[in-house]
Amino acid sequence: MVADHPLSVETLAVKGTSPHYDEGSAVQPIYQTSTFLFQGEVGYENVRYTRCNNGPNHMALSAHIAALENTEAAMVASSGMAAISTALLAFLQAGDHLLMQNTCYGGTYDFVTKNLPAWKISHSLIDASQPNTWKAALKPSTKIIYVESLCNPSSDVPDLQAVVSFAKANSLMSFIDNTFASPVLCRPADLGFDIVLESATKYMGGHSDLIAGSYAGSKRNVQKILQLHNHMGGSLDPNSIFLIQRGLKTLPLRVHQACSNALALAELLQKQPQVDTVRYAGLRDHRDHRLVQKYFGGHAGGVFCFDLKGSLEDGQTFLHALKIPLLAPSLGSVETLITQPALTSHAGLTPDEMQAAGIKDGTIRVAVGIEHADDLIADFKQALSAIDKAKVHSNGIA
């Protein structure tokens with residue numbers, strides 16, 4: 001804060017909370033050590049050890065993320081799933097039940113549906129777009145409601161305030177995975193969410209060169225997660241911390257560019273004859289566009305999907321004709337990444353499960369980067385044309 005003026009997320013991304021380091025360094029050095037010398041009184045409470053997440057790098061980055069999320073505290077973990085799984089286990093025990101959005105990230109879905117039952121923890125899946133149906137899923141043992149700020153790959157948006165209100169009315173903790181929005185577009189703690197989770201692999205890191213996660217909330221809640229985190233061993237290495245600290249400085253610039261590019265591409269694809277449907281909440285005709293305006297300042301993130309009118313093979317023709325995007329999963333990087341879910345992330349689903357997830361043979365998922373929008377548009381146009389050319393060739397028409 002400067003003279004009672006709260007700093008914007010753009011300034012916090014650059015400045016963090018620790019602009020001055022030992023020896024006058026403008027950038028915090030990497031403390032490549034497993035252990036630290038005792039300073040002053042010797043005792044267990046004064047132990048500093050990298051696995052315990054209390055070295056200078058961990059403390060500086062965690063404070064930086066807490067400032068961005070506008071929470072009392074935060075901590076980084078060795079992956080997004082390390083943050084998610086540890087946070088859930090910290091607040092759930094045998095006999096407990098949680099409500100989870102039915103369109104959550106696959107790793108989270110598998111952990112809740114396949115791993116938590118081993119701890120005798122049950123769940124119910126809820127449609128985040130239908131708040132009036134949530135109460136029917138409640139049980140006396142329900143402890144948590146878990147949602148995502150932006151859903152993958154449909155770009156659906158829950159009514160976040162409705163989630164918080166429901167949680168408070170029913171004495172539940174509210175968890176949110178904010179990866180697809182990042183603190184640049186949404187600060188869920190400001191809405192009342194108890195635990196904010198991020199895969200720092202994505203926008204926070206931003207360069208496809210690290211794996212990390214974070215959790216944020218009140219000091220009490222973060223400390224409870226940290227106690228389990230330290231014992232489960234999911235600490236983040238100092239080199240990755242350094243890369244995230246560097247990535248955060250350009251986080252707002254990258255997120256806004258990705259949003260701008262995604263909207264430009266989505267608007268282009270809506271007009272193309274080879275495309276059936278474009279699902280992006282930044283488009284005015286998307287069901288959740290009003291929620292994007294309400295919660296994300298009109299920006300809908302950098303990920304969307306669209307459905308080609310053709311077959312699996314047409315999707316492959318399109319993907320392999322592209323010159324700029326990388327054919328790879330993930331999101332939030334400077335490069336545009338693209339996949340065909342029916343052959344990758346959702347390939348193990350049954351036809352009924354695929355339909356329920358909104359995945360068709362021709363569905364293409366795009367995680368837009370920061371390249372120039374005009375270049376991406378030109379590349380997507382020529383790749384769509386390649387589908388038509390391939391069909392002409394296969395029909396033997398010269």
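Placement of Cβ uses the backbone N, Cα and C atoms for every residue, glycine included.
In TrEMBL this protein carries:
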MOD_RES   K202  N6-(pyridoxal phosphate)lysine
Listed in sequence order, residues with CB under 8 A of the residue listed as 'N6-(pyridoxal phosphate)lysine' and six or more positions away: G80, T179, F180, S182, S330, L331, G332, S333
Assigned element (helix, strand, coil) containing K202 (N6-(pyridoxal phosphate)lysine), judged by DSSP: coil
